[in-house]
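Sequence annotations record features per position, and here TrEMBL assigns domain 'Wax synthase' to 187-264. According to TrEMBL, the transmembrane segment annotation covers 6-23, 35-52, 58-78, 154-176, 294-312.
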Amino acid sequence: MEEIKKWIKVWVLVFVALTYCYFIPSKIPKGRFRLISVIPILYLFIILPWNLNSTLLGVPTTFILVWLGNFNLLLFSFGKGPLSPKDRPISFLNFLAFACLPIKIKQTSNKNNNPSFRSFETAKPPLHNHAIKILVFAMLTIGCAHKQNIHPKLLLFCYCGSLYIGLEFTLLAVGVTTAKVLHLEIEPPFNSPYLSTSLQDFWGRRWNLVISNILRLTVYEPVKKWGQLPAQFATFHVSGLMHEIVCFYLKRVSPTWEITSFFLLQGFCVYLEVKVKKLVKGRWSLPPMVSIPLTVGFLMITSSWLLFPPLIRGKFDVKSRREIVALIDYVKDITEHVRTT
């Protein structure tokens with residue numbers, strides 16, 4: 001209960017900070033002077049998550065404020081990104097949502113240029129797809145809870161699967177709710193990453209499209225003037241650092257840089273993949289039935305080597321399950337209290 005009170009206080013301060021950004025820095029011409037006016041908020045967003053010790057509340061708050069919120073405000077300082085639309089003024093509610101929610105607004109050009117583009121309005125998976133994923137997620141979670149009795153390779157599959165499905169449903173819930181409340185068309189957060197035919201396909205077009213978009217705007221496009229290779233490595237490097245920072249907030253111990261190394265390795269492999277594609281010039285390619293298992297297998301192996309070990313050492317899975325059980329018990333107590341009164 002005490003942690004929930006801290007969490008509410010944090011988000012009240014976030015609301016006040018974003019209200020300030022909407023009414024004051026937005027009136028300052030874009031550039032260094034607007035950036036100076038936003039710097040106190042950037043600092044506030046960095047220190048606020050330190051007040052939270054809970055995994056379920058602290059990790060999403062850290063991700064939203066330290067990474068998503070600060071990156072969006074940096075773009076806003078220079079008149080770019082979702083907080084600075086070119087075609088129309090942004091409303092206060094939209095400003096709040098775009099600043100701190102993991103959503104990506106549907107762009108008309110995406111629909112025209114990308115045949116595989118889907119929004120919540122144009123792509124509504126059948127209910128049985130969600131039911132299957134919920135069932136699989138429950139089975140994988142049970143598997144993670146009994147990791148001492150499971151083969152390490154099967155446990156890796158449980159971690160990867162539960163991470164993907166948990167993230168997808170969380171971001172999907174946020175996106176659908178935002179779309180309904182604000183009457184917007186929101187792009188899906190994932191695009192079937194388990195069907196990736198290459199690392200470039202996975203990281204660029206299928207996995208966590210919200211983060212892919214924010215990294216493209218804040219890192220890839222500014223660095224691209226020095227070449228595609230530096231831009232690509234800078235993007236993966238920044239992604240790795242931000243994941244490392246989120247993990248640091250979670251564990252509160254010195255980083256091991258394994259997570260950063262994971263993303264640097266992915267960036268290097270994507271570079272090699274692109275070079276090979278240019279060399280063969282479309283004359284030869286692997287069929288999907290071969291390329292998909294190779295891609296997913298490579299991601300799972302490298303994840304087990306560099307990505308999951310620091311999370312497991314920090315007992316992220318154990319803490320999450322404990323807090324979920326505590327939350328369920330808390331809700332049950334409240335429900336029982338309401339029924340008896």
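Backbone N, Cα and C define each Cβ position, glycine as well.
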Looking only at the domain 'Wax synthase' (187-264), what is the mean pLDDT?
93
At an 8 Å Cβ cut-off, counting only pairs 6 or more apart in sequence, do the transmembrane segment (58-78) and the transmembrane segment (6-23) clear the bar of 3 or more pairs?
yes
How about long-range neighbours of the transmembrane segment (154-176): same chain, 6 or more residues beyond its ends, C-beta under 8 Å?
60, 101-103, 120, 133-134, 136-137, 140-141, 143-144, 147, 186-190, 193-194, 208, 210, 299-300, 303-304, 308, 317
